[in-house]
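J.: Take a look at this one; I'll ask things after.
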Amino acid sequence: MGRAEKVILAYSGGVDTSVCIPYLQHEWGVKEVITLAVDLGQGDELEPIRQKALDAGASASLVADAKAEFIRNYAFPAIQANALYENRYPLSTALARPLIAKLLVEAATQYGADAVAHGCTGKGNDQVRFDVAIAALNPNLKVLAPAREWGMSREETIAYGERFGIPAPVKKSSPYSIDRNLLGRSIEAGPLEDPWMEPLEEVYWMTQAIEHTPNSPEYVDIGFEAGVPVSLDGRPLDPVTLVSELNERVGRHGFGRIDMIENRLVGIKSREIYEAPGLLVLIDAHRDLESLTLTADVMHYKRGIEETYSRLVYNGLWYSPLKEALDAFIQQTQQRVTGTVRVKLFKGTARVVGRQSPYSLYTPDLATYGAEDQFDHRAAEGFIYVWGLPTRVWAEKLRQG
């Protein structure tokens, strides 16, 4: 008896997920494999990918355009949370996994499949993100992960595929492992496994080298409504267009590269290179607008929530009770995070140089040091006395021994 009757396979068109098709059928006795390729803005032509799955033995090959849903329902909430794993990684890849898992589960329901499958290995974070998300959405659905069990090298995987008519890659395989979507790119493996080695320029695609960036700065005004990006330079834009345009404009000036040692969920450290020009600028701009519109106590408390939120998403707990609770808090804080942030792009930098909001809590007459100052300086003495009282009591007791 096979491990499943009918399987929905998350499909990218690469060697591993292509080999999963005959492997599931011939090694694990799956009677029917239906592939699902999800368009998240990775730039691949999806019709050739769909045909490739059919040629590899899939009984049906599905394609889902999920770009708008990806940005609106996954990226924008993460921007509202200022989500940066370990204060650096904006979760560009991690955010895609719960959406793909959701679409897999929906396809399984629609086509009556008793299992879903993915091509993740046993070493990365994505296997956790897929398996846990699928379990949260449908705990009765089996999850199959052939690449986690088959134990084949890259060469053996290619040879196995050739037995079933899956052609070997035409060009020499890149030494890098690359994942891409509309939010950015992640690059790892190959020469990058040496943490001392500077990445070659060939690894980058979305961001220009500094020496090739414009010699004049560019300004972009980003409009937000309730914490959600809605416009560039006063032009209302749909989510996909907004992120796409910002990627191009920011990347042209060389901003958006991350080179970090990252703590994976499975317990190992890995060297990761990321490109996320638009996403990083949106997070920076959003955080700055919050500094203008949130009270100090809410803003400071939210920073701790953001760290927990980022860790949950990175660790595959998008669909979890704690994540839902954090979502509720974050949404409450965003009601007045509305306004415009001006960002200056120049030679690998993206700096906020202006911000305005109809809900601004900044009061010039209180902040100024000029003649129009309305702050009551006489009130400071009493405040300082009360504020410093615990410290004075502590110091007195310390002197008394």
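Glycine is no exception: its Cβ is also placed from the backbone N, Cα and C atoms.
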J.: Using only what Swiss-Prot says about ATP binding by Ala10, Tyr11, Ser12, Gly13, Gly14, Val15, Asp16, Thr17, Ser18, identify which of Gly119, Gly122, Gly124, Gly151 is listed for that site too.
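T.: The candidate from Gly119, Gly122, Gly124, Gly151 that Swiss-Prot ties to ATP along with Ala10, Tyr11, Ser12, Gly13, Gly14, Val15, Asp16, Thr17, Ser18 is Gly119.
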J.: Out of Glu193, Glu198, Glu262, which is the one Swiss-Prot records at the L-citrulline site of Tyr89, Asn125, Arg129, Ser177, Ser186, Tyr274?
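T.: Swiss-Prot names Glu262 for this L-citrulline site.
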J.: Using a Cβ-Cβ cut-off under 8 angstroms and a sequence gap of six or more, which residues of the chain neighbour Ser177 (L-citrulline binding site)?
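T.: Sequence-distant Cβ neighbours: Ile187, Glu188, Ala189, Gly190.
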J.: Rounded to an integer, what is the Cα-Cα distance in Å between Tyr274 (L-citrulline binding site) and Asp16 (ATP binding site)?
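T.: Approximately 23 Å lies between the Cα of Tyr274 (L-citrulline binding site) and that of Asp16 (ATP binding site).
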J.: Any idea what the Cα distance is from Tyr89 (L-citrulline binding site) over to Ala10 (ATP binding site), rounded to a whole Å?
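T.: For Tyr89 (L-citrulline binding site) versus Ala10 (ATP binding site), the Cα atoms are 25 Å apart.
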J.: Considering Cα atoms only, can you say which of Ala10, Gly14, Ser18 is the nearest neighbour of Arg129 (L-citrulline binding site) among these binding-site residues?
T.: Ala10
J.: Between the binding-site residues Ser18, Thr121, whose Cβ has more other Cβ atoms within 10 Å than any of the rest?
T.: Ser18
J.: Using a 10 Å radius around its CB, how many other CB atoms surround Tyr89 (L-citrulline binding site)?
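T.: There are 22 such Cβ atoms around Tyr89 (L-citrulline binding site).
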